[in-house]
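Feature list (source: TrEMBL):
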{"type": "ACT_SITE", "residues": "His19", "note": "active site, proton acceptor"}
{"type": "BINDING", "residues": "Arg15, Asp16, Ser169, His196, Tyr287", "note": "substrate binding site"}
{"type": "BINDING", "residues": "Asp16, His196, His198", "note": "Mn(2+) binding site"}
{"type": "DOMAIN", "residues": "7-257", "note": "domain 'Pyruvate carboxyltransferase'"}
{"type": "SITE", "residues": "Arg15", "note": "site 'Transition state stabilizer'"}
Amino acid sequence: MSDKKHIHLVDTTLRDGSHAVSHQYTTEQIAKIAAGLDEAGVEYIEVSHGDGLAGSSINYGYSVTSEEEMLKAANSVIKKGTLTVLLIPGIATQTDLEMAVKLGAKAVRVATHVTEADISEQHIGMAKRLGLKAFGFLMMSHMVSPEKVAEQAKLFESYGADIIYVADSAGAMLPEDAYNRVSAVVEAVNVPVGFHAHNNMTLATANSLAAIEAGATYIDGTCRGLGAGAGNTQIEALVGVLEKKGYHTGIDLYKVMDVAEDLVEPIMQRPQVVRNAPFMLGYAGAYSSFLLHTYRAAKKFDLDPRDILTELGNRRMVGGQEDMIIDVAYQLAKKRGV
Ligand SMILES: C[C@H](O)CC(=O)C(=O)O
Ligand SMILES: [Mn+2]
């Protein structure tokens, strides 16, 4: 075992990346990507609809592949890594989690809005009873102070969470914001802390490094940064950067690069560049998975998507309010007499 500090990487290409491909992964794509990530030595491989188990719906977008088929495809090829799922209380239920366990899931990330950790008590408890490694995942953590994030993290810990994540769901954080929130949580809890970045202001890798400086030992990434909005920390680059900084991830750099280059890049619907609207997600503090819904609303009402995202940020809209996007667009168009 290396004497270097180990950083656990969670690949969420097959979950956060699901947003960026409008939840159209096929079982063949899932099997190939999961096999490649497993072969490369990725410890946690997250597979679910972008909004977690049971997310396939009119509100969040329908998956072309059922969750059962997705998990079966991934579990059939993962030999070393941990098949992980995401669960948002209120979207997924105990039955969904039991199904995931039956199909091979060994870890679950229970995600709540950053001020609502208290709705996760049953779900964390259920995960522990089912023998799962349970992560608490605080979404939109830029919206509140480091002290508030720490207070919510302690709730997750009290429910039995094994690891607690600070998630920059809007990609709105600067490195100091990531550092301050992660260090407040590290200070407050006695379990490992993780960080989940979005690249909307091109800061995903910088924020992930700041989180590690602050004591995070779990970091998310995706191949080619494929994820909601302008995407996540690019895992193949992160592996190389962490190696140069003297950390150990246990991941073969060439193999994870090849998964990104040969398997993920060819199926991307658009490059994960930080174009105008994705940047506005971070600048306005709007939830990354609002992006494609916003593009559709902007087209329907002939609006600049940046204006819709600015208004969504001003109204401090959170995950689950995707249905409000069209309403905001309608009101903006009406105001303009469009
Ligand atoms: C459901 C969200 O996509 C979870 C996530 O990846 C984030 O909050 O960021
Ligand atoms: Mn995300």
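Keep in mind that glycine also has a Cβ here, set from the backbone N, Cα and C atoms.
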Mean of pLDDT values spanning the domain 'Pyruvate carboxyltransferase' (7-257): 98
Pairwise Cα distance for His19 (active site, proton acceptor)/Ser169 (substrate binding site) [Å, integer]: 13
Shell of the substrate site beyond Arg15, Asp16, Ser169, His196, Tyr287, same chain only (C-beta within 8 angstroms of their C-beta centre): Thr12, His19, Gly50, Ala111, Met139, Ala167, His198, Gly227, Ala228, Asn232, Ser288, Ser289
Cβ-centroid neighbours of Mn(2+) site Asp16, His196, His198, 8 Å, sequence order: Thr12, Ala167, Asp168, Ser169, Gly171, Ala197, Ala204, Asp220, Thr222, Gly227, Ala228, Gly231, Asn232, Thr233, Ser288
Spatial separation of His198 (Mn(2+) binding site) from Asp16 (substrate binding site) - C-alpha basis, Å: 10
Arg15 (substrate binding site) in three-state DSSP notation: coil
Close-lying binding-site residues around ligand 2 among Arg15, Asp16, Tyr287, where CB distance stays under 6 Å: Asp16
Residue with minimal Cβ packing [other Cβ atoms within 10 Å] among the recorded positions Arg15, His19, His196, His198: His19
For His196 (substrate binding site): DSSP state (helix, strand, coil): strand
Asp16 (substrate binding site): tally of other CB atoms within 10 A of its CB: 28
